[in-house]
Amino acid sequence: METGILPSQYNGRITLLLLLSCFMAATGGFLFGYDLGISGGVTSMEPFLKEFFPNVYRRMKEDTKISNYCMFDSQLLTLFTSSLYIAGLIASFFASPLTKTFGRKASILVGGAAFLAGAALGGAAFNIYMLIFGRVLLGVGIGFTNQAVPLYISEMALPRHRGAMNIGFETGVAFGVLVANLINYGTQKIKGGWGWRVSLAMAAIPASIVTISALFLPETPNSLIQQTGDNNHQKARHVLQRVRGTDDVQQELDDLIKASSISKTKEHPFKKIVQRKYRPQFVMSIAIPFFQQVTGINVITFYAPILFRTIGLGESASLLSAVVIGLVGLAFVLISMVLVDKFGRRALFMVGGGVMLVSQIVVGGIMAALLGDQGALSKGSAYLVLILICVYVAGFSMSWGPLGWLVPSEIYPLEIRSAGQSITVAIGFFLCFIVGQTFLAMLCHMKSGIFFFFGGWVALMTIFVYFLLPETKNVPIEQMEKVWLDHWFWRRFLMEEEGTKTQVT
């Protein structure tokens, strides 16, 4: 097959404009992470529970016979957390045509504005309806930003730096979780019991940054070319020259124009993506976000403070433990950023999967052996569980955390790119909703077995990556078809296309 130019032949360097563009776009990841951390923290705060979930509060304080694993089991409480994700799922499909027609910037701007409104409503809530409606608005914001931001970063970055640049999104997620946990730890100590309001309302700060910065970000060259009008080619050339730091961008521009011409002959991208020749991308658009969610990471990010209260830590110690987890997560996302373009995506998937599997099995074993329905773990055992969960978070943060966003954002041809990314985001949100809505009930019924449940999925997804995910490092987005043509399994779907067999031979 004709592979075109090698990625090293694209001219360019890391410019200040590129760094600023990707940094500002990755702030969208901060929004996602902040919400993950905040929602888990405030649901363990006693004043918040007393205000909105009095039945859970009374059960925790007064029911001495209830199982450790069941004291927080409340569908209304889980609806507070999971309503955001069902809203994000629906919003992601509206984001797809907006991102394709008006550009990546437009979706980032809409997402930031919706998140800003949701933060204000959540902080001011005086009943459960305001609280959940605020969460829905946050979900709309995250649905738009999660759809557009990874695409934006992947399209702006040079192929040889795309992995590290895109992991900026997950770095934002990890940093958002850490900041949220720190804020929760601080606001929990506010006398008067209104600290949770501060935690929810402070989401307005990153939302403002995203909204304002979206006004000044350049649109991606891919998006400009995809929009009609010959003048857009000149705009795309100008953006490429600025973001690459060189006037010699003709070869990259030609590849983008060629990919755009092909994409404009393909109508109805959601119908196209289910065709046989797009089977590899379609499978990955579902499998990668599915596996990312069934790692069990949301057990930690949603409910870490609740989980630590389950094993016997106090309110303050539980929130502080969540801070430690946030620090570990951020550190290993940064390590992944350094390693991903050197060692590749597959190596990090395999190492991270092994680390997660071992830590989950050991945590499940400790809780099965030492934590009954009443009482608590000894202090030593509780902190051993904390260490093992940190090991698990380290494994996730160097593999399925960042790569679950990176790999989907770089594998789709332009003609199905917005549709593919929407499916990826929607599947992720749907699983977030399912896990968020069912976890506390699962914890009540499965007890320590929940760690073995998620461990089984980690084993399966590691096998899936080993056999079915090709390496994509350093491959230009517009030439990504080659990795599927070279793969032992997926090539059969592409070689049936007219002329493909001739090219390969």
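Backbone N, Cα and C define each Cβ position, glycine as well.
Annotated features, as they stand in TrEMBL:
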TRANSMEM  12-34  transmembrane segment
DOMAIN    21-473  domain 'Major facilitator superfamily (MFS) profile'
TRANSMEM  76-95  transmembrane segment
TRANSMEM  107-126  transmembrane segment
TRANSMEM  132-153  transmembrane segment
TRANSMEM  165-183  transmembrane segment
TRANSMEM  195-217  transmembrane segment
TRANSMEM  282-306  transmembrane segment
TRANSMEM  318-340  transmembrane segment
TRANSMEM  347-371  transmembrane segment
TRANSMEM  383-407  transmembrane segment
TRANSMEM  419-443  transmembrane segment
TRANSMEM  449-469  transmembrane segment
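Remote same-chain residues near the transmembrane segment (449-469) are listed as 283-284, 287, 291, 294-296, 299, 345-346, 349-350, 353-354, 356-357, 360-361, 363-364, 367-368, 400, 407, 439, 442-443, 489-490 (criterion: CB distance under 8 Å, separation of at least six residues from the stretch ends). When Cβ distances are compared across the two stretches, the transmembrane segment (107-126) makes no contact with the transmembrane segment (347-371), since fewer than 3 pairs at least 6 residues apart fall below 8 angstroms.
Across 132-153, 165-183, 195-217, 318-340, stretch 132-153 shows the highest tally of CB pairs under 8 A with the transmembrane segment (76-95). Only sequence-distant pairs (6 or more apart) were considered; of these, fewer than three Cβ pairs between the transmembrane segment (195-217) and the transmembrane segment (318-340) are under 8 A, so the stretches are not in contact.
Under 8 Å from some Cβ of the transmembrane segment (318-340) lie the Cβ atoms of residues 37, 40-41, 44, 163-164, 167-168, 170-171, 173-175, 177-182, 184-185, 188, 300, 304-306, 308-309, 347-348, 386, 389-390, 393-399, 401-403, 406, 473, all in the same chain and six or more residues away from its ends. As a whole-number mean, the pLDDT of the domain 'Major facilitator superfamily (MFS) profile' (21-473) in this prediction is 85.
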